[in-house]
Amino acid sequence: MEEFDSEDFSTSDEDEDYLPSGGEYSEDDVNELVKEDEVDGEEQAEKTKGKRRKAQGIPARKRKQSGLLLEEEEDGKEDSGGSSSEEDEEEQEGGLGSENARKKKEDELWASFLNDVGPKSKAAPGSQTKVAEETEEISSNKPLVKADELDKPRESEKVKITKVFDFAGEEVRVTKEVDAASKEAKSFLKQTEREKPQALVTSPATPLPAGSGIKRASGMSSLLGKIGAKKQKMSTLEKSKLDWESFKEEEGIGEELAIHNRGKEGYIERKAFLDRVDHRQFEIERDLRLSKMKP
């Protein structure tokens, strides 16, 4: 058995180291081997060519894509630039239009203000013409207003009134200033208007012949004249008050006396205060009596 095993191992080694010679291969085997080698070489060459083509094609496509992107971006920028320029022009036109409208509004407001107040040196030319026309109309209407004002006296105007009184057989004339719209001034004006026609009637223009009827007429007219010309009598108290008022006007102490009387030492103010106190006390007592009388 051992010999058999050693022989087997030797044969296996010999088989591995055995190389057949070229003469032992047939032509068909050689042709097949050559074809297989050619096919393998072609496949490897195609693989390497395909890899190179892939490597060369990727950056070209990328470049083409980047070129397209850049062109699109440039076109977009140009479009955006054109649109932005158009928008800027539109905004400028809109700004000019708004400024013009604002200026027109300011001019109109200024003109209306000038119409209410009067013409100014810095006014617009259109407003100046309007104001000039209005001033001309006002100046043309002024004389009519003045004529009306002259016919009717104002309320603030003062009118001097002279009254004649009889004091102990003496004629006393009193002059004072009152408002033109007061009752006293109106009555005085009416009285003067009545006295004017009477004076014209009583003064004879031509001498009349003597006669009984004429004498009676003249006697009656004289009596009526005496009755109409009867003077109002003045009492002693009124005369003393009149003298005191005239003295104050001559000396110019009216304001000083008024200030003095308003103070604590003034007799008139004290008397008025005491009168108010008495009146208030009377009202309180009356209210108490009425409250007790109620059931």
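Every residue, even glycine, has its Cβ placed from backbone N, Cα and C.
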Check your understanding: Out of S26, S156, S246, which one does Swiss-Prot list as phosphoserine?
Key -> S246
Practice item. Report which of S112, S222 appears in Swiss-Prot with the annotation phosphoserine. Key: S112
Study note, to complete from the structure: Excluding its own, the Cβ atoms lying within 10 Å of the Cβ of S112 (phosphoserine) add up to 12
Exercise for review: Measure from the CA atom of S112 (phosphoserine) to the CA atom of S246 (phosphoserine) and give the result in Å, rounded to a whole number.
Suggested key: 56
